């Protein structure tokens, strides 16, 4: 059997990338002008047999940056009151500094080289996180500047569904629509969905690659 067929480590599975599941809730669609209000992150790990699973969860309510737009339609959609003192919101710097610190530790521990965002319709979440990191002057951003794993695309391929709730249900997972549009809940569901898609491909024999497929 080839050496490649024995690879079960996280660093081997994604070409040295360390996948981190992210979801954000915002006050609009423009990452440069609209507020980031909530962010959750879940790191992933692999067991000794190469099965992917969620690992560490981080979750923060975020204070709107100075001068941020707060679109009423977006707030009505996600139900967030940015002025609610019970949110326990922190600055963009505090939230991302803690997430990046945990992610960098995970990269080192797993032998990976760089983090890659996993998200549902990932361009949206990626743009908001990157804009917030720039505003916060966080220089050591561990995430790839543009590459992502988009579970909307992956679920469309693997399950024939692109909506998060429908993809989860098709995969045999629970999805509580009353908890949707919470960054924490959506991140948890996205993490389990991504793991299921990756593990399903393994169960079907798609990974590890056969000797004939090795480059």
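Counting begins at 1 with the first residue displayed.
Glycine is no exception: its Cβ is also placed from the backbone N, Cα and C atoms.
Among the features that Swiss-Prot reports, domain 'Exonuclease' is placed at 20-194. Mean model confidence for the domain 'Exonuclease' (20-194) is a pLDDT of 98.
Residue density at residue 23 (Mg(2+) 1 binding site): 29 other Cβ atoms are found within 10 A of its Cβ, drawing on all protein chains shown. Taken from Swiss-Prot, the feature Mg(2+) 1 binding site applies to 23.
Here Swiss-Prot flags 23, 25, 181, 186 as Mg(2+) 2 binding site.
The feature site 'Important for substrate binding and specificity' is assigned by Swiss-Prot to 29 (among others). With a cut-off of 8 Å between CB atoms and residues at least 6 apart in sequence, the same chain places 71, 74, 124 near residue 29 (site 'Important for substrate binding and specificity'), listed in sequence order. Residue 29 (site 'Important for substrate binding and specificity') falls within neither a helix nor a strand when secondary structure is assigned with DSSP, and so counts as coil.
A 10 Å cutoff on Cβ-Cβ distances gives residue 73 (site 'Important for substrate binding and specificity') a total of 9 other Cβ atoms nearby, all chains included. If you look up Swiss-Prot, you'll see 73 (among others) marked as site 'Important for substrate binding and specificity'.
Look at residue 77 (site 'Important for substrate binding and specificity'): DSSP puts it in a helix. Taking Cβ-Cβ distances under 8 Å and a sequence separation of 6 or more, the neighbours of residue 77 (site 'Important for substrate binding and specificity') in its chain are 181. Per Swiss-Prot, the feature site 'Important for substrate binding and specificity' maps to 77 (among others).
Under DSSP, residue 124 (site 'Important for substrate binding and specificity') is assigned to a helix (H, G or I) in the three-state scheme. Taken from Swiss-Prot, the feature site 'Important for substrate binding and specificity' applies to 124 (among others).
The feature site 'Important for substrate binding and specificity' is assigned by Swiss-Prot to 146 (among others). Residue 146 (site 'Important for substrate binding and specificity') falls within a strand when secondary structure is assigned with DSSP.
Here Swiss-Prot flags 181 as active site, proton donor/acceptor. Residue environment of residue 181 (Mg(2+) 2 binding site) contains 15 other Cβ atoms, counted within 10 Å of its Cβ in all protein chains.
Residue 25 (Mg(2+) 2 binding site) is 13 Å away from residue 73 (site 'Important for substrate binding and specificity') when you measure Cα to Cα. For residue 124 (site 'Important for substrate binding and specificity'), the count of additional Cβ atoms within 10 Å of its Cβ stands at 16 [all protein chains shown]. Around the Cβ of residue 186 (Mg(2+) 2 binding site), the number of neighbouring Cβ atoms within 10 Å comes to 25. Distance noted between the C-alpha atoms of residue 146 (site 'Important for substrate binding and specificity') and residue 23 (Mg(2+) 1 binding site) is 16 Å. Around residue 25 (Mg(2+) 2 binding site), the same-chain residues six or more apart in sequence whose CB sits under 8 Å from its CB are 37, 38, 39, 78, 80, 181, 182, 183, listed in sequence order.
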